[in-house]
Every structure is written in C-alpha cells, then in structure tokens.
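Quick notes on the structure that follows.
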Amino acid sequence: MFSKLAANFAQRAAGSAAGTTRRVAFQTRFVSSQTLANGSKGRAIPFQKPGSVPATFTIRDGPVFRGKAFGANANISGEAVFTTSLVGYPESMTDPSYRGQILVFTQPLIGNYGVPSNERDEYNLLKYFESPHIQCAGVVVSDVALNYSHWTAVESLSEWCAREASPPSPASDTRAIVTHLREQGSSLARISIGDEYDADEDESFVDPGQINLVKRVSTKAPFVIESPGADLHVALIDCGVKENILRQLVSRGASLTVFPYNYPIHKVADHFDGVFISNGPGDPIHCQETVYNLARLMETSSIPIMGICLGHQLLAMAVGAKTIKMKYGNRAHNIPALDLTTGQCHITSQNHGYAVDASTLPNDFKEYFVNLNDGSNEGMMHRTRPIFSTQFHPEAKGGPMDSSYLFEKYLENVRAAKSAQRVYKDNRPSQYVLDVLSKERVGVEPVPLVGFA
C-alpha cells in the first residue's frame with residue numbers, strides 16, 4: 001500500500017514541480033558603510049567592490065534606516081527578527097525555518113569566512129547548507145567582509161547572494177534595530193531599493209504569519225534517503241527539514257522516507273518503525289492537516305514519535321495543547337535549556353517565534369525541557385509511550401551538540417518498539433521504493449514572498 005501511495009503521490013507532484021524551477025530575485029542584504037577590511041592571510045582572496053545602490057530598511061510603524069545594496073536589486077518585505085549567533089550564517093540563511101523573515105545579525109561582521117560549496121556527503125546530503133537555496137527573505141548586517149578566508153570557501157557572501165538572485169546593502173546601526181525589535185517585538189519590515197523611502201508603500205508590507213510557509217518549503221512528493229546496512233526505516237514529515245536533521249538520523253542507522261507536510265501518515269505508519277516531524281517556518285496554525293494526521297496516528301498506532309521545533313508545536317497541538325506567539329522569539333546558538341527529568345542544563349541552538357503553552361498540555365504529557373532565560377517550554381514527553389519532542393534543535397548546525405544524544409534516545413525507542421513486536425516486520429525500503437522515489441526534495445524552489453501579499 002505504501003509503495004503505491006508514494007509512487008502515485010510522486011507522479012502527481014511531478015507535473016506541478018516542473019513549473020517551479022525558475023529562480024527569482026526576492027532577498028536583499030544590508031552591509032555597513034564603515035571602512036572594510038583590506039585583506040586576509042592564507043589564500044588568494046577574490047575582491048568585489050561594494051555596491052553603490054542606495055536602499056532603505058523600514059520597520060512598519062518604526063524607524064527607517066538607509067544603506068547600500070549588494071547582490072541583486074529587488075524590493076522585499078517580511079518579518080524582521082534578530083539572531084545573536086556569532087557564526088553559521090550560511091546555515092542560517094539556508095534554514096527553511098527562516099522563510100519569510102528578514103534576518104538581522106547582531107554579530108557586526110558577516111562574510112569573513114566566505115561561503116562554501118554545495119558539495120554533498122555519502123548520503124547525498126548538503127555538507128554545508130541546510131537546504132539548496134537561500135530561504136530568508138532578507139538579511140541586515142552592520143558590515144560585510146568582501147575579503148574572506150576559509151579552506152571550504154568558494155565564493156564571497158556578496159557573490160553568493162548575486163548568484164542566488166538575492167539583492168543586498170551597510171548601513172544600518174544594527175544595535176538600534178535590535179534594540180527596537182527587543183522592545184517592540186518582531187515587526188513587519190521591508191527593504192526598498194532606491195534613494196528615498198516612500199510612505200505610500202506601507203500597504204505593501206507582507207505578513208508571513210498569514211501565509212502557509214510550510215507548504216512552500218515542504219517537498220512536493222516523497223523522497224528516500226538510504227542508510228546502507230540500516231535495519232530501521234523512519235517516516236519523516238517534512239515541514240521544512242534541515243539537512244543536518246536528516247544526517248543525524250541516517251548516520252545512526254535509519255533509512256528515511258521523507259513525506260510532504262500534509263501526507264496522511266497514519267495510513268502508512270505500519271510500514272515504518274518510527275515517525276519523525278521536522279522543523280519548519282511560520283505559524284503552526286496553518287498546518288491543520290498535519291495536526292489532524294498526527295492525532296489520527298497517535299489514536300491508531302503505538303509507533304515511536306519525535307518532533308523538533310515546528311514539529312514539537314504540531315505534535316503538541318495534535319494532543320490538544322495550544323501555541324502562543326512570542327514577543328521576539330529565540331534565535332541563537334547559546335540558549336540554556338533545563339532537562340526536567342535529570343536536572344542537567346544543555347546549551348542549545350534555537351530558531352522559533354512561537355512556543356507551546358505548557359499549561360495546556362494534557363495530563364498524559366509532561367514538560368521535558370524549559371528555557372532558563374525566559375521560562376518558555378522547550379520540550380514535552382508522554383508519560384508512558386515513546387513520544388517526545390523538543391523546541392530547540394539538537395542537530396545544531398551551527399551551534400553546540402550538547403543535546404544530540406536525543407537522536408540516539410529516539411532511535412533506542414524505535415529499536416525497543418521493534419524488538420517488542422510479536423511478529424518481526426522488515427520495514428526496510430524495498431528496491432521498488434528505492435528505484436521509484438527521488439533521492440532529494442521535490443519541487444522546492446525559492447519563491448518571492450513579496451508576490452504573495
């Protein structure tokens with residue numbers, strides 16, 4: 001049954017995916033007008049002069065900042081958020097969870113170690129990016145390094161943005177921007193190319209919270225990632241999955257079949273040893289199909305389940321809990337989360353603007369982790385069944401690996417459940433599935449968010 005469902009789904013998606021292959025200019029980057037570094041040691045450095053196109057960064061009902069664009073030139077709009085991460089800008093910019101957001105870096109210098117290649121590993125996963133394309137609607141930085149140095153780098157940040165048809169610019173006092181966002185909360189904003197800000201454009205602000213962003217970043221048809229010699233087969237619901245989540249699972253001995261976010265997973269769960277729900281962008285309220293499918297799954301199956309980030313929120317909603325929008329979210333690589341079962345504190349990587357309201361969890365679930373900075377919920381677990389989820393990212397990339405053991409815990413749950421079966425079931429992907437399904441995401445391309453106002 002699963003093989004036929006997956007093959008039919010893949011065939012239906014092929015036609016619509018064919019029309020989404022074009023790349024579009026949809027992002028803008030800001031750089032500071034401060035003096036740029038003159039050079040670096042260790043290798044020949046490509047040099048590119050900064051762009052001279054003026055641009056403005058406008059926060060709705062807030063201040064206007066002026067700067068210079070670098071990369072492609074295009075007007076964009078989205079939700080302005082900030083990250084305090086010191087490194088990992090290639091991973092952050094390609095993280096599907098940032099879809100629809102203008103990302104402000106508090107680190108004053110961005111681009112000093114360049115941008116790596118799109119090389120893939122032994123599992124056909126991207127080594128250095130979290131998805132094949134830039135995902136955020138735009139970035140704002142204080143200063144951009146036109147000279148870079150790193151052994152993995154193949155191009156500069158500005159070259160990468162231009163190649164991805166992404167417009168960028170200095171400018172701005174990012175301290176003032178972050179202060180505003182911290183006090184007022186995440187806000188709608190836009191980046192406009194041109195000399196002057198036009199107040200008449202205020203109506204064109206796009207609120208990504210009103211858009212089903214998961215639909216845009218999720219694979220349009222199932223695909224498979226084989227772990228050679230693996231005895232486990234996990235169904236992963238793709239709400240905008242990061243490459244390193246896939247890598248953490250397949251490298252630990254689990255082959256994966258990755259499904260679109262709205263796939264009726266409860267209908268094929270018997271053909272898998274576990275179910276995993278990935279991270280993703282936007283408001284979880286738009287994923288009602290996923291919530292319904294997960295609720296049906298837990299009603300009809302005892303299969304082990306794990307969720308991360310948006311996957312955590314959707315799993316919580318499926319059991320009746322509620323989510324809330326945070327004032328400015330948690331986006332950093334150094335956020336402490338307390339394990340309430342052991343009393344241990346883990347330094348975690350986080351990227352989310354919504355959180356689960358722990359007071360609404362049903363009695364058969366309990367809090368697993370709590371944020372030591374703001375007290376928000378960071379995880380939950382079932383009291384008797386092998387179901388748990390985390391708001392933070394145990395796969396990091398970038399960030400600390402303190403909590404990567406959670407992938408091992410999940411796969412231990414999967415193996416234990418498989419061993420407890422009265423009749424052994426070989427759920428490994430068949431040769432038919434390996435031959436028919438794609439080996440990477442299907443039909444996911446950059447889309448200009450401004451076009452969906």
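Glycine is treated like the rest: Cβ placed from N, Cα and C.
Taken from Swiss-Prot, the feature transit peptide covers 1-13. For 233-420, the entry in Swiss-Prot reads domain 'Glutamine amidotransferase type-1'. Positions annotated as active site, nucleophile by Swiss-Prot, on the basis of sequence analysis: Cys309. Positions annotated as active site by Swiss-Prot, on the basis of sequence analysis: His393, Glu395.
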Per-residue pLDDT averaged over the domain 'Glutamine amidotransferase type-1' (233-420), given as an integer
97
Which site among Cys309, His393 has the most other CB atoms no more than 10 Å from its CB, taking these as active-site residues?
Cys309
Between Glu395 (active site) and Cys309 (active site, nucleophile), how many Å separate their Cα atoms?
11
Where His393 (active site) sits in the secondary structure, as DSSP reduces it to three classes
strand
Let me know how many other Cβ atoms fall within 10 Å of the Cβ of Glu395 (active site).
24
Sorry to bug you, but what's the C-alpha spacing from Cys309 (active site, nucleophile) to His393 (active site), rounded to the closest Å?
7
DSSP state at Cys309 (active site, nucleophile), helix/strand/coil:
coil
